[in-house]
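Notes for the one structure printed next.
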Ligand SMILES: Cc1cc2nc3c(=O)[nH]c(=O)nc-3n(C[C@H](O)[C@H](O)[C@H](O)COP(=O)(O)OP(=O)(O)OC[C@H]3O[C@@H](n4cnc5c(N)ncnc54)[C@H](O)[C@@H]3O)c2cc1C
């Protein structure tokens with residue numbers, strides 16, 4: 001079986017390697033660097049920067065632990081260099097995986113000619129035609145930049161340019177208080193930039209519950225990050241040394257830069273989709289069936305190109321499912337438990353339904369919660385803000401959960417498993433959790449669903 005993949009992000013490269021492992025002869029076409037958005041301008045670089053700001057914060061608070069360090073400061077240039085080193089090491093890793101799995105990397109811009117042929121235009125202008133039995137489209141997404149914001153990559157930037165800034169701007173207006181806006185907003189704030197976040201919805205992290213977002217708002221306010229919610233932008237004016245933003249309520253903001261983080265859209269430009277007969281939905285996603293096959297037999301699509309959450313772990317999972325389907329394994333569907341993670345301080349992690357989603361769907365539910373403040377490990381490491389919240393249905397099955405606090409994104413795995421397998425709070429809460437660890441907060445929250453948390457402070461006066 002010959003397979004051609006276009007796009008070597010997490011969706012494309014994991015599909016390519018899985019198909020090769022299953023015996024396919026695989027070619028993968030990439031116009032930039034392997035690893036896609038996630039590795040080069042997304043997940044990995046943002047988290048590498050945040051790791052540096054975490055070290056800075058810990059170092060600034062060292063005295064609380066009896067450790068003294070009089071000369072703590074951050075050098076953004078060196079932080080960026082470290083980030084680049086992390087990225088290039090991982091890029092090399094993917095290239096090595098391609099070689100060791102006999103996946104053939106073809107450099108250039110790919111486009112469809114028909115259901116079996118991909119044409120690749122190389123940097124030197126030469127063109128190659130790749131003929132295969134099956135094709136996978138995994139060309140990802142790009143930032144949304146409406147014209148009114150006058151995006152120029154210098155004064156009005158997206159996350160892509162933000163990740164390469166070598167000196168922190170004096171001030172920055174972050175438009176969009178979603179995951180990327182919150183992560184980069186807090187990072188630059190800690191680098192010394194005065195940050196204002198403008199969010200159209202009533203709260204930042206608008207898809208999460210209010211109590212979850214409030215925890216992050218509390219920390220942002222402590223750090224003097226200004227948050228303006230329920231407000232949109234009506235005008236952007238780029239001046240000599242400043243950008244002036246007029247909000248819908250008439251308020252005027254000025255800053256050195258704007259960071260646009262209002263979302264991303266599928267990127268299928270130049271793929272020739274219409275000519276080949278591939279259907280696209282009104283939002284520009286490629287339409288796929290439960291097997292991730294497009295409207296043209298033998299052509300599959302995954303990741304940010306299709307209408308599933310724009311997340312690297314979703315793209316990877318879909319890549320693996322598509323590879324198995326292309327190789328005749330008939331794997332269907334995505335999984336119901338998709339983790340959602342925000343790597344701010346405190347971290348925010350959630351899975352399954354929120355309370356507001358359960359209410360909207362009319363699902364009767366109960367909750368249990370536990371504050372990190374009451375936990376030995378949280379006190380030991382000096383990170384006491386946040387809580388675990390569990391949401392169960394009438395049968396005690398965990399249908400959703402959120403964690404705000406230290407290592408929330410790693411801790412979520414246990415609750416993702418609970419939602420995935422439909423475990424009850426009673427069954428999961430019966431598991432012994434090691435002491436002293438942060439995972440005990442999950443156990444206590446599970447017990448709290450039945451009013452049996454030993455360490456939760458409840459006022460029964
Ligand atoms: C700042 C930021 C932070 C993020 N953080 C996280 C996070 O912490 N966790 C998380 O899960 N997700 C995160 N994401 C989202 C994540 O990066 C994407 O969901 C993921 O990369 C999508 O994978 P993909 O394979 O669909 O596409 P991409 O990773 O976008 O890869 C597509 C690839 O296709 C190539 N390509 C496009 N067109 C062509 C063509 N015609 N020919 C050849 N090659 C082509 C591109 O160059 C690119 O390499 C973040 C995104 C951003 C922007």
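Each residue, glycine too, has its Cβ placed from N, Cα and C.
The active site, proton acceptor annotation in TrEMBL covers 435. In three-state terms derived from DSSP, residue 435 (active site, proton acceptor) belongs to neither a helical nor a strand segment and is classed as coil.
Sequence-distant neighbours of residue 47 (FAD binding site) (same chain, six or more apart, CB under 8 Å from its CB) are 343, listed in sequence order. What TrEMBL records for 47, 110, 139, 140, 141, 304 is FAD binding site.
For 176, 177, 178, 179, 180, 181, 182, 183, 199, 263, the entry in TrEMBL reads NAD(+) binding site. Listed in sequence order, the residues of the same chain lying 6 or more apart from residue 178 (NAD(+) binding site) and placing their CB within less than 8 Å of its CB are 204, 205, 206, 261, 262, 263.
TrEMBL lists 38-43 with the feature disulfide bond. Residue 43 (disulfide bond) has a Cβ environment of 19 other Cβ atoms inside 10 Å. Following the DSSP three-state reduction, the secondary structure of residue 43 (disulfide bond) is helix.
Taken from TrEMBL, the feature domain 'Pyridine nucleotide-disulphide oxidoreductase dimerisation' applies to 338-445. Looking only at the domain 'Pyridine nucleotide-disulphide oxidoreductase dimerisation' (338-445), the predicted model's pLDDT averages out at 98.
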Please check the binding-site residues 178, 182, 199 against ligand 1 and give me the ones with CB under 6 A, sequence order.
none
Quick one: give me the count of other CB atoms within 10 A of the CB of residue 141 (FAD binding site).
22
Taking 8 Å from the centroid of the Cβ atoms of 176, 177, 178, 179, 180, 181, 182, 183, 199, 263 as the cut-off, which other residues in that chain fall inside it around the NAD(+) site?
174, 185, 197, 204, 205, 261, 262
Conformational class of residue 304 (FAD binding site) under the three-state DSSP mapping:
helix
May I ask you to report the DSSP-based helix, strand or coil state of residue 110 (FAD binding site)?
strand
Between the binding-site residues 139, 141, 176, 180, 182, which lies closest to residue 43 (disulfide bond), Cα to Cα?
180
Counting across all protein chains present, how many other Cβ atoms fall within 10 Å of the Cβ of residue 182 (NAD(+) binding site)?
27
Return the maximum Cα to Cα distance in Å (whole number) over the record's NAD(+)-binding residues: 176, 177, 178, 179, 180, 181, 182, 183, 199, 263.
14
